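Trainee: One structure, as structure tokens, below. Some questions next.
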Ligand code: NAD
Ligand code: MG
């Protein structure tokens, strides 16, 4: 049967990889809806190529975008803003939602998809960092399916026993011999550089990832290793494990995408070329397999695989993520919000790369908010997010 897909964040890097796969498998997948926030020319071209039934644009662009579609003879329902994203994510015609919006902006639609019982292909890690408990509870209560496409989490998912995969990935209650998870990290563009070099890094240097081609925010997060910190929190929620059960290891070649360690001493790993099309194709077709179009790994061409323990002084963001996870949800919301503000300020030329960790640490220690318990709802979460953003903006102004 054809799966009807909504790609939220269609104009980004994950959107590109997803749509490349969908274009090659039109007999199995129907691109039902798309969304974009910037680069609307690109979104328009995607509308011409895929002719989705619905499209979501920023509210200010509804009229001009509708007019363009009309002139091109395309009949597509145009919706807008957060409510438009939620409309699409919960549309009864949609089977699968690809959550590929970057940052907190992706949370409301991802949560709505969970509450509507959809199959969710999750790239938007920030949704879990902010609202992991609420998201996972919604997935369980509404019988949704959550399949990670972040490459590390997808690798771990693939290395877990089928029984855990089918129980919405929850390891905690029935550990099946799982001892630890190992998240691999490339170490980013500054792995071999000194901290002093990192302090002076230009924007261009910071967003130039050695192995992966990605959006700007996640590229900066990779340079500071905040990305691995966010992924550590993402993994705790996805697999229902405490942070102490999840190790991070730097593996500069990005060939092993992560590992599961079992009590008998076995380590299961998933390997592949560093290409997001592989995890996306896996999640799209799970439990079947389809051709992703990625280059097969050439094992004969690999000269060696290295594993290095991360330096938590140089990459303080990784330490902060563990600290926040131990402190509780309110702290992971603050860390995520502070980081989004600090990364934007770095990309706007207002901060040095290494200031991002300082801002994040200051935000975590200074911002006082109520502790969130397990009954916290989305409004409580968004309220803390808002406080943290205001406070961090002031910190940035002070530092800049
Ligand atoms: P990107 O910047 O390339 O694309 C982001 C998408 O979100 C675009 O379509 C953009 O228009 C949309 N968007 C941005 N702000 C928005 C807003 N306020 N409201 C609605 N839409 C908005 O980012 P990306 O690299 O594709 O990453 C997307 C998500 O996937 C991130 O959460 C990232 O951490 C995660 N991820 C990305 C990769 C990768 O290889 N790129 C790998 C793993 C996980
Ligand atoms: Mg990743």
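Positions of Cβ are set from backbone N, Cα and C atoms, glycine also.
What TrEMBL records for this protein is below:
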BINDING   11, 12, 13, 14, 124, 126, 215  NADPH binding site
BINDING   125, 151, 152, 186, 209, 222, 227, 228, 231  1-deoxy-D-xylulose 5-phosphate binding site
BINDING   150, 152, 231  Mn(2+) binding site
DOMAIN    5-132  domain '1-deoxy-D-xylulose 5-phosphate reductoisomerase N-terminal'
DOMAIN    146-239  domain '1-deoxy-D-xylulose 5-phosphate reductoisomerase C-terminal'
DOMAIN    271-390  domain 'DXP reductoisomerase C-terminal'
Trainee: Going by Cα-Cα distance, which of the binding-site residues (125, 152, 227, 231) sits nearest to residue 11 (NADPH binding site)?
Mentor: 125
Trainee: For the binding-site residues 13, 125, 126, 150, 152, 215, which residues place their CB under 6 A from an atom of ligand 2?
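Mentor: By the Cβ criterion, which requires under 6 Å to ligand 2, the hits are 150, 152.
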Trainee: Taking the recorded Mn(2+) site as 150, 152, 231, identify the other residues of that chain whose CB atom sits within 8 Å of the mean position of the site's CB atoms, giving them in sequence order.
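Mentor: For the Mn(2+) site, the extra neighbours are 125, 148, 151, 153, 154, 183, 227, 228, 234, 235, 258.
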Trainee: Rounded to a whole number, how many Å is the Cα of residue 14 (NADPH binding site) away from the Cα of residue 209 (1-deoxy-D-xylulose 5-phosphate binding site)?
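Mentor: With distance taken Cα to Cα, residue 209 (1-deoxy-D-xylulose 5-phosphate binding site) is 15 Å from residue 14 (NADPH binding site).
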Trainee: Between the binding-site residues 12, 215, where is the Cβ count within 10 Å the lowest?
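Mentor: Among the binding-site residues 12, 215, the lowest count of other Cβ atoms within 10 Å belongs to 215.
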Trainee: Using all protein chains in view, find how many other C-beta atoms are within 10 Å of the C-beta of residue 11 (NADPH binding site).
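Mentor: Residue 11 (NADPH binding site) is surrounded by 22 other Cβ atoms within 10 Å.
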Trainee: Using residue 152 (1-deoxy-D-xylulose 5-phosphate binding site) as the reference point, find which of the binding-site residues 12, 13, 124, 215 has the shortest Cα-to-Cα distance to it.
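Mentor: The smallest Cα gap between residue 152 (1-deoxy-D-xylulose 5-phosphate binding site) and any of the binding-site residues is with 124.
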Trainee: Does any of 11, 152, 215, 227, 231 have a Cβ within less than 6 Å of an atom of ligand 1? These are the binding-site residues; tell me which, or none.
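Mentor: The qualifying binding-site residues are 11, 215.
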Trainee: So how far apart do the 1-deoxy-D-xylulose 5-phosphate binders 125, 151, 152, 186, 209, 222, 227, 228, 231 get, largest Cα to Cα in Å?
Mentor: 19
Trainee: Which residues of the same chain, at least 6 positions away in sequence, have a Cβ lying under 8 Å from the Cβ of residue 126 (NADPH binding site)?
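Mentor: Correct list: 102, 103, 104, 106, 107, 230, 336, 340.
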Trainee: Out of 124, 150, 215, which of these binding-site residues is nearest residue 231 (1-deoxy-D-xylulose 5-phosphate binding site) by C-alpha distance?
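Mentor: Smallest Cα separation from residue 231 (1-deoxy-D-xylulose 5-phosphate binding site) among 124, 150, 215: 150.
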